[in-house]
Amino acid sequence: MPCDRKPMRYGHSEGHTEVCFDESGKFLVTGGNDGDVRIWDGLDDDDPKFITVGEKVYSLALKNGKLVTASSNNTVQIHTFPDGEPDGILTRFTTNATHVAFNGSGSRVAAGSSDFMVKVVEVSDSSQQKTLRGHEAPVLSVTFDPKDDFLASASCDGSVVVWNIEEQSQLIRWPLLQKTNDVSNAPSLCRLAWQPAAAEFLAVPVETKVHLYERGSWNHVSTLSDDLLTQLVNVVVWSPCGRFLAAGGVGGSLTVWDVSSKLCVERQKHEKGFTVCGLAWSPSGSQLAYTDTEGCLGLLDGLGSSGSSSAAKDFDDLFDDDDDRPMDEGLSDGHSPGKKPHEDDEDEDDFHVPATGRARNRGAILDDENSLDAGSVTLSRDKYDVADGGAVLPAAAAPAPPLRPAYEGPLPTAPQKAFQPGSTPAHLTHRFMMWNSVGIIRGYNDEEDNAVDVEFHDTAVHHAMHLTNSLGHTMADLSQEAVLLACPGTDELASKLQCLHFSSWDTNKEWMVDLPPGEDVRALCLGRRWAAVATSALMLRLFSIGGVQREMFSLPGNVVSMVTHGEQLLIVYHRAPGFDGDQALGVQLLQVGRRPKQLIHGEPLPLSPRTHLAWLGFSAEGTPCYVDSDGVVRMLNRSLGNTWTPVCNTRETCKSKSDHYWVVGIHENPQQLRCIPCKGSRYPPTLPRPAVAILPFKLPLCQTSTEKGLMEEQYWRSVLFHNHFSFLSSSGYEVDEEQQTRSQKEQQELLMKMFALSCKLEREFRCVELAELMTQNVVTLAVRYAARSRRMALAQRLSELALEKANQMQEEEPEEEEEEPESSAGDTCHMKGDAPFTRDTQVLGSGKPSSSPAHRATSILDNMASGRKSSPLAGSVGKPNKGPVLKPLAPRPKTKPRGGLTRFTAFRPKTGFQLWLEENRKSISADQPDLEETDVIKEAMGRFRTLTAEERLVRNDEQQTKSPTAVQAVPLLFKSNRLKLFAAHWRNRPRPQLYS
Amino acid sequence: MDPSEVEFLAEKEMVKIIPNFSLDKIYLIGGDLGPFNPGLPVDVPVWLALNLKQRQKCRIVPPAWMDVEKLEEMRELERKEDTFSPVPSPYYMELTKVLLNHASDNIPKADEIRTLVKDIWDTRIAKLRLSADSFISQLEAHAKLDNLTLMEINTIRAFLLDSLNCMYKLRSNLQPGSSKKQFTDY
């Protein structure tokens, strides 16, 4: 039911507030805690008339120009309406009345009171009273049977009673409610309502549901419920036509059911989530007024008009045909059991293929921020209810058909809608269309203006732009080169993609592409020199930044979000329907560009339970990350088989429950989570301009309050956040080697600290475990530490480990040597040609290859070669990147860093074994002069192993003292070709730092 | 001390800016600043912030206390108390002046803030005058004033000291002993 939720307005001071319409539907009448009754000429009335009736108004009712109020002086008064003249006191109680209600004709008034009594008074003659006694606690609410025979009341004693008015006797009593001692303590006001006109049903709010009792038989015939309704129902009212039932509840829920089908046709939420305590339908049935416990008045407008066939049509139109079908069948063929299996099948089908169109419909109605979760859970429930309703309602007239067992298993979740990471929801008039590391795109869409503002963080990139948004763009992305905008298609116009390529060197800075009819842009992103667009036809289209159409491929599911970094493209899509609030998302990571390949092949994306994806992006260094709606940030761990590691929970740093952090970027080096703190909302407003805050990362390791846990967390975080070095070097990007060595040193230091701690705690086994993580030279330090703290057993084990590590290293070195030509052979041809040359410069250039002039020459050659070889997209002839952030985006032009070389740059003092080898080489070669170099080492290793642990320790100690002289010994040691390279690096190595 | 000198000292206070350029750390005598990343808040001294702002290289993030609600609270407190209440920043007046003069476009509700700070200032100066008055009229030898800012001390220092000197001279002339002495001088 499409309806318009008008903004709330202040009505009364805080506290219980009630509302009703006058009979013409022109005026809204509210009564509140300030003792005034206000008469509003429509919701927009800025100066409502008011009648002061007492200190407080507990309840009010209006009929035939008489306004009846229950006020604080224990009376029920009458005022004329609309003049507001006092017209006498109707009745009195020993304490205040809690609820008043007119009967259908307006001749009688019922009033319930906190003194446990219900009185029925003739309006014309207040001396004619009937008192209904029997409640054992304050009366919560009263309602007349439209045929005037009965009266129903609810009380704090937990019972709902139907009275026979004439006999003043209890007809039936249902213990339905929670017992309390006072109205103010009652969890729900339990406002009963009797169906007008037909008077067939009595609606009783019971916890989160509404029970319908049949008049006469007093059987509980059905229950109206809604899965989204999780809090108590406070008040129910029937539409004047008696076809719809509206309920308002704790937490601000407003729900409307179609009683005949038991379908929930409308669901709204109070804009602030305050408890709804007053509810009234306008006589025309098109408006629903509500008041909350904070004294505010709200209105839902445009609800279907009462009972007319056009309204019914409207509701039907809301749902797809296939939804109506089971309903119709349920109604018309409900009695024939033969029809059942077929119906089952159909529902089964519907269940497996949730109608996305419908879900979207529902999502659009609920435009609050949590709408993503809403929807098809209830939809499918609705469907089952339809079948139930079809069966139950006719049952009154016909013999009951066999009931289908209700489905109670997991229910599918509404698939999350596609979004641009770093954008605020599209329904906001002023919104961020994109906030990323390059700049901000803001969208304005109000009466005056429909415009897009583009602003760059770094004004050196481009000046700010202001564009009129005549096409109605809703999606945008921004890179150092271009702005990409897209709008969804309409009936006449196709979905359009517009690109402002401001870095273009020709005069045409803009291009536009129409998508095929019926295909809408769902997500878009800008990579380096290319753009990607995911469409509603499950298609992914790649464009060059200049507008050339490139590759395209089909997506396995509806796209949720898509981001790029350099040549990487990360796509998150719906893998399958999720169940019970979970989303089932899949992720693909592709490399687009020179060597296209798929790195992650559509694996499931882990999310926290019952959350959806809130942000997706790459860290500035190029590691995929995402944030779910619970604020958990996860990062791809490439060294652990592309798994996702949670690195931060932004909700832990929030001060209040409703605060959120809106993530805008992630940096691995320095470790920064850049986000915007949003007080009391999920999204930041565009004005005042939000400021970026920085959060630290924290892996959720156990016991991080202890020293051990803290250091473990630091170590693993450091390891995780330096994974990007190996990724960057393996994919041929420039790496800040200084940073890399620094991070390795940091990790080793942490390991050493943990080692020391474990030593102190006498956990020797743990010490060895930690030593296994250390590099070989740090292990030798650990050996010394162990020896000094007199743990000889530990020292011995560690020195064995050190030896093992030394051997491993020795073995690795030749392997790496061999691998090198292979890896460059597998590369593109120009790389191969450069390889020997670059290796020389690398060695000669004393560890600073970028400064060597020879390099500059090769880089130019390189660029030219790549420019000729592939399309201009792949080359890097464009303007050089300035920002430090962007460096990884630029393919390294000069050299292909090889694992061996980069690893050599890490400092490596000599091991005990090497020192020993130096001393004993001559004797070995004298003993067996015919040995090859490798055999010499093998032999030496064998001999070294036979040494005692103490002797070995001496070597290791010597290694510390001797390291300056070791430099001179290097040429002696590294005679073989294979070690020359090492020797060169050895000379240039950073000085080892001693751990204190 | 000149007000301009106090202002000079105030410009050493740190303030957050959001630069729109990128620059590595800069090493100055007073300490290292930066690195500057476009779009990322960074703390710099006020003098640098103003310089960058004038060259349109940054946006200034107003200090947390430069907020209408907080200042209103402070004004109420200042009016209620007889003594000086603590101020949000030792250079609140100077900072308000320089920031509002040069970066009023980055500060929401700049006019209201200006009025509020002026109100606070006026209240405090009135208190200061009042206490100076009672100090003199009661012939006290010393007084203790807490929570005064440098600027406030400076506004009253010159006048108060000069007038105390004058009064001392006048009083010493009145005393018989000194008049005698003066007489003997003649």
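Numbering starts at 1 and runs along the chain as displayed.
Quick reminder: no glycine exception, Cβ is built from N, Cα and C everywhere.
In TrEMBL, the feature DNA-binding region is placed on A:906-952, out of the ranges A:13-59, A:60-106, A:577-623, A:906-952. Taking the repeat 'WD' (A:132-173) as a whole, pLDDT averages 88 in the prediction.
With a threshold of 8 Å between CB atoms, the same-chain residues lying at least 6 positions outside the repeat 'WD' (A:9-41) that come near it are 48-64, 67, 69, 71-72, 79, 81-82, 84, 277-284, 287, 289-299. Under DSSP, residues within the repeat 'WD' (A:9-41) fall into helix, strand and coil as 0 helix, 15 strand, 18 coil. For the repeat 'WD' (A:132-173), DSSP puts the residue distribution at 0 helix, 24 strand, 18 coil. Across the range of the repeat 'WD' (A:233-267), the DSSP-based residue counts are 0 helix, 23 strand, 12 coil.
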